[in-house]
Amino acid sequence: SVSSIVPESCLLIVVGLLVGGLIKGVGEKPPILKSDIFFLFLLPPIILDAGYFLPLRPFTENLGTILIFAVVGTLWNAFFLGGLMYAVCQLGGPGLNHIGLLANLLFGSIISAVDPVAVLAVFEEIHINELLHILVFGESLLNDAVTVVLYHLFEEFASFEQVTILDIILGFLSFFVVSLGGVLVGVIYGVIAAFTSRFTSHIRVIEPLFVFLYSYMAYLSAELFHLSGIMALIAAGVVMRPYVEANISHKSHTTIKYFLKMWSSVSETLIFIFLGVSTVAGHHYWNWTFVISTLFFCLIARVLGVLVLTWFINKFRIVKLTPKDQFIIAYGGLRGAIAFSLGYLLDYKHFGMRDMFLTAIITVIFFTVFVQGMTIRPLVDLLAVKKKQETKRSINEEIHTQFLDHLLTGIEDICGHYGHHHWKDKLNRFNKKYVKKCLIAGERSKEPQLIAFYHKMEMKQAIELVESGGIGKIPSAVSTVSIQNINPQTLPLERVLPALSKDKEEEIRKILRTNLQKTRQRLRSYNRHTLVADPYEEAWNQMLLRRQKARQLEQKMNNYLTVPAHKLDSPTMSRARIGSDPLAYEPKEDSENLPIITIDPASPQSPESVDLMSEEPKGCSGLPPSPEEDEEGLVMRVKEPSSPGTDDVFTPGTSDSPSNQRMLRCLSDPGPRPEPEEGEPFIPKGQ
């Protein structure tokens with residue numbers, strides 16, 4: 001019941017405080033979290049777990065926002081906090097006057113970075129929606145490059161007698177070297193890991209080992225050259241995962257998944273326990289002015305940075321960040337063990353105030369983890385912030401996602417605007433054409449993405465059924481894809497295209513070049529103010545209006561010239577009358593020139609079911625009406641089908657019996673009434 005209110009990280013720190021107090025109470029010296037142990041053994045598993053299982057689609061879609069928060073936001077926090085703390089030290093009395101600007105800027109760079117371990121520990125418990133989680137967590141991962149650069153920069157500057165402009169420019173350039181260098185190291189090791197996994201089909205046991213080995217080597221190689229180890233681990237995990245999972249067995253995949261989760265959980269637990277123990281064991285120097293000012297300015301810098309940057313970002317985002325989102329992003333800026341370890345690494349020779357820095361850092365960590373970490377869940381419920389919805393991905397969703405990606409890429413091509421969908425499509429094509437063939441073994445390299453996703457879902461569903469004990473519920477019918485997996489068929493040979501001569505091929509290319517529109521050229525973006533008016537548009541509109549008026553007038557004339565029909569009986573009476581004497585409605589052989597009335601007696605809409613197809617008044621042919629015609633009057637003739645696709649029930653036959661059968665069948669089973677075509681006479685209901 002306690003863990004539902006207090007985050008797990010807070011409870012672990014409390015356990016560490018109790019353990020440290022007990023060790024100190026029995027007269028022993030409690031162990032302190034040394035920076036080497038933290039950076040070399042405890043931090044890499046957590047970052048690898050985060051990078052390997054990183055939700056790539058939301059991360060790439062929000063990469064611009066994440067980078068702005070991680071780079072600009074961290075720089076703002078570091079310099080704003082360092083400058084204000086320098087002012088506090090100058091005004092704070094004799095105990096703080098000796099702390100210079102560089103020392104305060106170094107302190108600001110240590111305390112300003114959001115900690116990925118603390119963010120993971122808190123945000124995974126409150127189940128915040130995917131957008132906010134990836135924004136805060138992505139910022140905590142990518143701000144490592146800024147923190148590393150600023151930390152080493154100010155540490156080096158502290159040993160200089162004079163800092164020149166050239167040193168500042170080189171320090172600015174070192175940011176790009178550290179960040180991009182770390183990513184490059186991670187990509188190289190990720191490709192090597194994927195390539196190695198291609199040849200492990202005969203020895204499946206060592207497959208998980210290669211994933212951990214190459215990832216850890218990427219981290220160590222980056223740290224060796226003072227590059228960003230966190231960026232290297234993330235890049236290695238993201239690059240190797242799709243190719244490694246296509247090559248390794250399902251058992252190896254399960255091993256990697258659970259071992260990474262277990263390893264990161266153990267590291268996280270040890271980090272927070274050691275934080276509590278180190279708090280009791282370490283040397284502290286408490287200065288009220290410095291500590292309270294640090295805490296207050298940390299919160300102010302975070303809130304101001306998020307508000308200003310979000311105002312700028314929302315100008316370019318389609319899905320805007322609401323005030324609630326901004327509050328959660330600002331409130332979720334938790335500090336953790338990375339700041340403590342960086343503070344612990346400071347040298348007494350250049351930074352005699354290290355104990356005071358460590359005390360202030362621990363205070364800020366405890367405040368953010370305890371106060372903000374404990375209150376963020378009630379605030380999320382109070383503000384009704386959207387929670388994460390646990391939904392299983394389906395084939396339908398995957399099809400629509402791929403369809404929308406292709407559609408948006410096509411729209412960007414037509415508009416001449418090369419956005420991220422265009423470059424993503426280029427990358428996917430390059431990956432499919434070259435990279436997959438080199439890094440994935442066997443036929444899996446040619447497998448479409450949708451089929452691979454289906455195989456994955458089918459395997460997952462089968463495992464869930466086995467684990468839940470529902471193996472007996474599996475239907476006996478096996479899916480087509482499963483049968484293909486059990487009995488693999490030989491692939492059909494590719495169709496051989498007829499060889500063309502060089503002249504013929506060049507002629508075809510020339511025709512295509514001259515006649516097809518060049519869709520890939522850079523077009524100007526669409527703007528309704530710069531459209532050129534079509535000179536024929538006005539005349540074309542006038543012609544359409546004239547044609548429409550003529551059609552309306554013709555329809556009105558047809559309505560006026562229609563001979564009104566006699567009022568019919570109810571549908572039931574009509575159906576009964578015709579059913580009793582169907583021969584009365586048979587067409588007569590000598591009634592060629594007589595008016596034809598079509599009746600659909602099976603339709604329930606009796607007045608509207610009468611269509612006068614053709615009326616020929618007697619005497620119009622120039623001959624006087626014969627007495628036989630006067631006696632016969634109007635002859636009922638069955639309506640012929642309007643098109644070959646319609647039902648031919650009413651088609652008159654030569655013999656009586658088939659026609660009678662058709663009529664009786666129609667009366668017993670009325671079909672839908674055909675819609676009146678344009679130009680046919682219209683009879684109002686009242687007549």
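Heads up, the Cβ atoms here are built off N, Cα and C, so glycines get one too.
Please treat TrEMBL annotations as automatic predictions, because they have not gone through curation.
With a threshold of 8 Å between CB atoms, the same-chain residues lying at least 6 positions outside the transmembrane segment (6-25) that come near it are 118, 121-122, 125, 268-269, 272-281, 366, 369-370, 373-374. The transmembrane segment annotation in TrEMBL covers 6-25 (among others).
Marked as domain 'Cation/H+ exchanger transmembrane' by TrEMBL: 6-380.
TrEMBL lists 37-54 (among others) with the feature transmembrane segment.
Here TrEMBL flags 66-89 (among others) as transmembrane segment. Here the transmembrane segment (66-89) has long-range neighbours at 59, 96-97, 99-101, 104-109, 111-114, 134-135, 138-139, 141-143, 145-147, 150, 289-290, 293-294, 297-298, 301-302, 304-306, 309, 312-313, 329, meaning same-chain residues at least 6 beyond its ends whose C-beta is under 8 angstroms from one of its own.
Here the transmembrane segment (101-122) has long-range neighbours at 7-9, 43, 46-47, 50, 74, 77-83, 85-86, 89, 136-137, 139-141, 143-144, 146-147, 150-151, 154-155, 157-158, 230, 268, 271-272, 294, 298, 301, 332-339, 342-343, 346, 351, 353, 357, 360-361, 364-365, 368-369, 373, 376, meaning same-chain residues at least 6 beyond its ends whose C-beta is under 8 angstroms from one of its own. For 101-122 (among others), the entry in TrEMBL reads transmembrane segment.
Under the heading transmembrane segment, TrEMBL lists 134-154 (among others).
Packing against the transmembrane segment (166-196) from elsewhere in the chain are residues 145-146, 148-149, 152-153, 157, 160, 210-211, 214-215, 217-218, 221-222, 225-240, 243-244, 247, 438-439: each is 6 or more residues past its ends and has a CB under 8 Å from a CB in it. Among the features that TrEMBL reports, transmembrane segment is placed at 166-196 (among others).
Counting residues 6+ beyond its ends, the transmembrane segment (216-239) has Cβ neighbours under 8 Å at 39-40, 43-44, 47-48, 50-54, 56, 116, 141-142, 144-145, 148, 152, 177-179, 181-191, 193-194 in the same chain. If you look up TrEMBL, you'll see 216-239 (among others) marked as transmembrane segment.
If you look up TrEMBL, you'll see 260-282 (among others) marked as transmembrane segment.
Summarising the annotation, TrEMBL assigns transmembrane segment to 288-314 (among others).
The transmembrane segment annotation in TrEMBL covers 326-345 (among others).
Residues or ranges marked as transmembrane segment in TrEMBL: 357-380 (among others).
Residues or ranges marked as domain 'Sodium/hydrogen exchanger regulatory region' by TrEMBL: 477-562. For the domain 'Sodium/hydrogen exchanger regulatory region' (477-562), the model's average pLDDT works out to 63.
Look at TrEMBL and you will find 502-529 tagged as coiled coil.
According to TrEMBL, the compositional bias 'Polar residues' annotation covers 652-662.
If one looks beyond the transmembrane segment (37-54) by at least 6 residues along the same chain, the residues whose Cβ comes under 8 Å of a Cβ in the stretch are 116-117, 120, 137, 141, 211-212, 215-216, 219-220, 223, 229-230, 233-238, 240-241, 256-257, 260-261, 263-264, 266-268, 270-271, 274, 337-338, 341. Here the listed stretches are 260-282, 288-314, 326-345, and the one with the most C-beta pairs under 8 angstroms to the transmembrane segment (134-154) is 326-345.
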